Amino acid sequence: MDVVIEIRDARIPLSTSHPKMDSWLGNRKRIIVLNRKDMISTEDMNAWATYFGNQGIKVVFSNGQLGMGTMKLGRMAKSVASVANTKRKEKGLLPRPVRAGIVGYPNVGKSSLINRLLKRRMCPAAPRPGVTRELKWVRFGTDLELLDSPGILPMRISDQTSAIKLAICDDIGERSYDFADVAAILVQMLIRHPAVGSEAFRRRYKIDVDSECGKTFVTKLSVHLFNGDTSQAAFRILSDYRKGKFGWVALERPPT
């Protein structure tokens, strides 16, 4: 690889970075893409742009579904990796296309981003983890080659807070978590979020939030709408967050 393009979920940029990524990259050039920019606020974007900029890391905000940010990414990848052909020229070798590897957690939008960049469907993509099963090279013009890769997760996610955020944002498979438990924690996070609060739940579901206990609210919603089925109530809350029904809010902000 001349450059590695690491795709992260803009709602949880820290939780969607593999803990071993830095050691794997070594001195390779890296571009971080925060995909799903449409799911966070402008304030969130500005905060993350400043955070990564202060570390000297190039960052692109994108929407893989609509293609926003893809052309900027293509130009940046060629620019960052152009040093590779400069070195080849110094050695008397002919230039070759820049090789960029696309890496990231499952379901963060790697394949969709490539398809938008190429303006055609070259890589299978769907809104669920595990669709990409193999490494696949695709060419973008005459001077950039992209390697699509399956999502990579640690064998064990020791940070349970990160694991919960991955479940909330649908970045890991549904069989790996309990809907009711995850939805209960999401309720607690959103009630405390300054841009959401308990009033958003009252407006959305027409019931009061009696406390900050998420499990209590999931149970109450299940009785109100789903005949006591907490799984259905939990799934509704998670779906509503993923569809932006509480507003587009990030679950992580840069560490201070």
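Just so it is clear, glycine is given a Cβ too, placed from its N, Cα and C backbone atoms.
Per TrEMBL, the features are as follows:
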- Asn35, Arg36, Lys37, Asp38, Asn107, Val108, Gly109, Lys110, Ser111, Ser112, Gly151: GTP binding site (BINDING)
- 100-156: domain 'G' (DOMAIN)
Q) So how far apart do the GTP binders Asn35, Arg36, Lys37, Asp38, Asn107, Val108, Gly109, Lys110, Ser111, Ser112, Gly151 get, largest Cα to Cα in Å? A) 22
Q: Just name the most isolated of the binding-site residues Gly109, Gly151, going by other Cβ atoms within 10 Å of its Cβ.
A: Gly151
Q: Would you count the other CB atoms within 10 A of the CB of Asn107 (GTP binding site), including those on all shown protein chains?
A: 25
